[in-house]
Amino acid sequence: MSHCKVPALIEAQVEMGSVNELEHKSLFRREDDSTQTKEASLMEQGSLSPSFHEHATKSPKNSVIKSIKIVILSNKLNLLLPFGPLAILVHYMVDSKGWVFLLSLIGITPLAERLGYATEQLAFYTGPTVGGLLNATFGNVTELIISIFALKNGMIRVVQQTLLGSILSNMLLVLGCAFFCGGLVFHQKDQVFDKGIAVVNSGLLLMAVMGILFPAVLYYTHSEVHTGSSELALSRFSSCIMLIAYAAYLFFQLKSQSSSYSRLEEEANQNEEASGEDEDPEISKWEAIIWLSILTAWVSLLSGYLVDAIEGASVSWNIPIAFISVILLPIVGNAAEHAGAIMFAMKDKLDLSLGVAIGSSIQISMFVVPFCVVIGWMMGEQMDLNFQLFETAMLFITVIVVAFFLQEGTSNYFKGLMLILCYLIVAASFFVHEDPHQDCSGVKQVGSSLQADDFTNTKFWGEV
């Protein structure tokens, strides 16, 4: 009997050991699954889009026709795509700068939105870090391409004012419309967002203001050690520091285990699950790469015609170049962000709206602006961070106003209305502003409106 009990005991111990081993493996498997799930759910907070996810799903195999249908024909905004070729035809047939500028502006609008879509599709197949860099690069690629073309033409003031306009538009118009529309839908309560992340974003924007403010102060106080070169040297050094700060921000956002960002990621996942949208990619990785290349090339082509027509449009419409650069051009690049921020606010997802609006402002001020300074350095252009006194003061006041509106962590339609009205004041200010430092070739430095007046006066005195 004792001999029979021994094997039984051994079998029991083996079974218990196998059960413990299985539980141990399943525990590790659950931990691995939880870490993979956490890494897979990344939302846009400054550089990442709300639908950014990492998936292990299979890549869809689409034919060329189906891919065109998905990318081109699935969005109603793409009805504006024919305006791009029309602008090129008008350029060669009529050569009306005003019409070329307007048609190019309308034609680039859907391309900016499709670039964001292709970037999100490609981000499905990359890791968090690569996806963050992709969104940082292509998130505002429209403004970046327009700026590079303007730099090639020596239009440094147009570059500065266009990027400034994008920051102002995102902080005042986009965020204001999001607060206003969300407040109207949820008018019986104040919408709530994460105050801690809003404070961090406000700090980054103030750092960007610091980088832009000091070269202007150095210039206007005439306290340069080497006149004409100290300001440029400070701008280039500050740009490198700002790029390092933005890289650290990306690393913090992607690798940090902060509970605040984890809570936002869970909110993004719940939002997508509630909407019932398919989280799988619609196009394959190589399709996304090809479409990114095609769309970037098309945006580059239209940007060339757009930049060449700015001066003529300013003269023919009798509108200052500052107003075109600060108000009209940023509307193109911010069209997709505008719609996305309003959509999230109307679903009571204000953290995502802030990630789109304020995040895009951080991306432009901390990445695109210093990157353009570095690119101008390589091209031999004296692009600096001295945005001149009027523009710098406008940016500083705007950041302060937005920071005050965000400090409570709540929003309503009244705050949104105030931000929209502030943007109208900004637009009116640039409409009557004559830039004495305009660098554009062929355009008088005091603006196109004075050109028209001077021509009228000359003609009058000639007749007399």
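From the backbone N, Cα and C atoms, a Cβ is placed for every residue, glycine too.
TrEMBL does not curate its annotations; it predicts them automatically.
As recorded in TrEMBL:
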| type | residues | note |
| --- | --- | --- |
| REGION | 30-55 | region 'Disordered' |
| TRANSMEM | 77-94 | transmembrane segment |
| DOMAIN | 99-254 | domain 'Sodium/calcium exchanger membrane region' |
| TRANSMEM | 129-151 | transmembrane segment |
| TRANSMEM | 163-186 | transmembrane segment |
| TRANSMEM | 198-221 | transmembrane segment |
| TRANSMEM | 233-252 | transmembrane segment |
| TRANSMEM | 288-307 | transmembrane segment |
| DOMAIN | 289-430 | domain 'Sodium/calcium exchanger membrane region' |
| TRANSMEM | 319-345 | transmembrane segment |
| TRANSMEM | 352-379 | transmembrane segment |
| TRANSMEM | 385-406 | transmembrane segment |
| TRANSMEM | 413-432 | transmembrane segment |
* Asked: Is the number of Cβ-Cβ pairs under 8 Å between the transmembrane segment (385-406) and the transmembrane segment (77-94) three or more, considering only pairs separated by 6 or more positions?
  -> no
* Please check if the transmembrane segment (163-186) comes into contact with the transmembrane segment (413-432), where contact means 3 or more CB pairs closer than 8 Å and the residues in each pair are separated by 6 or more positions. => yes
* Asked: Are the transmembrane segment (413-432) and the transmembrane segment (319-345) close, by which I mean at least 3 Cβ pairs under 8 Å that are 6+ residues apart in sequence?
  -> yes
* Count the CB pairs under 8 A between the transmembrane segment (288-307) and each of 77-94, 198-221, 233-252, 319-345, 352-379, then give me the winner. => 77-94
* To do: Any chance you could find the range in 77-94, 233-252, 319-345 with the most Cβ pairs under 8 Å to the transmembrane segment (198-221)?
  => 233-252
* Using a Cβ cut-off of under 8 Å, list the residues of the same chain at least 6 residues beyond the transmembrane segment (233-252) that approach it. => 46-47, 132-133, 136, 204, 207-208, 211, 214-215, 218, 226, 362-363, 366-367, 369-371, 373-374, 377, 383-386
* Structure fact -> With the cut-off at Cβ under 8 Å and a gap of six or more residues from its ends, the chain residues touching the transmembrane segment (319-345) are 50, 77, 101, 105, 108-109, 112-113, 116, 140, 142-143, 146, 157-158, 161-162, 164-166, 168-170, 173-175, 177-179, 181-182, 185, 191, 271, 310-311, 313, 352-353, 356-357, 360, 391, 426-427, 430-431, 433-435, 438, 440, 443, 447-449
